[in-house]
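A.B. asks: Pasting a structure below so you can have a look.
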Amino acid sequence: MTIQWFPGHMAKAKREVQEKLKLIDVVFELLDARIPLSSRNPMIDEILTNKPRIILLNKADMADEKVTNEWISFFAEQGLQAIAIDSQAGTGMKQIVAAAKEMTKEKFLKMAAKGIKNPRPLRALIVGIPNVGKSTLINRLAGKHIAKTGDKPGVTKAQQWIKVGKEMELLDTPGILWPKFEDEEVGLKLATTGAIKDTILNLQDVAVYALRFLSEHYPARLKERYSLTDIPDDIVELFDAIGKRRGCLTSGGAVDYDKVAELVLRDIRTEKLGRLSFEKP
Ligand code: G4P
């Protein structure tokens, strides 16, 4: 589902997240491991202010592992802990809980020092842009299926706490935030990875961006996937080569550029070109 973000929606989304934060000890900022900057809300520091935060690099199963490790170091240098996870398979879930406990340890020690004998579980909230995997992660942590709220800012339902083991509770509705979509390259990266739907941007524009990126950063994979002996510098020639190899042709026998664009983007999103990262620190 694609959200149209208008200034009013953004203000409301920000307000809603800030309202939830009052109940929360720690925030999980969910990012796409393949595009950690482009999948980040541009106002996140302002929205979260001083809340303890853990960055979760989701869909790490689809990202270049070496690059993901570089991102983890990059965030560490900024004083932010980042953990690579795969919400679909459930990789990294124990680490998330352990990190949240560690981050809130002092707060709970203080509560104990004040004589609170049975402290409540620590309370966490997941925030992130649409399609980053918030619902998948909530379901994974909950160990059951929780219905997805309409992916629209401002759609509310009664909030509930989901128990994650004995020591953590998670708010069942995530905070939905907007990406930095006014930047064209951010939009192209979001579209390449499938975070924004194909109807918003021109399919061929997205494929041109993706193929240029792959030619520069993953040429061997591109050659192998489409049986190319070399990669033409000219993007139209590259479309032609792939189209001929893979039979993306019109009824008249010419290369069908829309079909090529669709094929390449589908191949990227289904990992036919292997694990790819579209941003490096
Ligand atoms: P949202 O709540 O943040 O909007 O995202 P949601 O959980 O709906 O996830 C968006 C898409 O990303 C889903 O795929 C989901 O399966 C996929 N996804 C989430 N986490 C991971 C992950 O760690 N690894 C991988 N590989 N994929 C992940 P979809 O195609 O929209 O739906 P479906 O395939 O589940 O039917």
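Just so you know, glycine gets a Cβ as well, placed from its N, Cα and C.
Not my notes, these are from TrEMBL:
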DOMAIN    14-179  domain 'CP-type G'
BINDING   Asn58, Lys59, Ala60, Asp61, Asn131, Val132, Gly133, Lys134, Ser135, Thr136, Gly175  GTP binding site
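Could you place the listed features in the three-dimensional structure?
C.D. replies: Counted within 10 Å of its Cβ, the other Cβ atoms near Ser135 (GTP binding site) come to 20, all protein chains included.
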A.B. asks: Just jot down the residues in the same chain as Ala60 (GTP binding site), at least 6 apart in sequence, with C-beta under 8 A of its C-beta; none if empty.
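C.D. replies: Expected: Ala33, Thr68, Ala84, Ile85, Asp86, Thr91, Gly92.
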A.B. asks: Please go through the binding-site residues Asn131, Gly133, Ser135, Gly175 one by one and keep those whose C-beta falls under 6 A from any atom of ligand 1; give the result in sequence order.
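C.D. replies: If the test is a Cβ under 6 Å from any atom of ligand 1, the answer is Asn131, Gly133, Ser135.
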A.B. asks: Neighbour count first, Cβ atoms within 10 Å, every protein chain included; then name which of Asn58, Asn131 tops the list of binding-site residues.
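C.D. replies: When each Cβ's neighbours within 10 Å are tallied, Asn58 tops the list.
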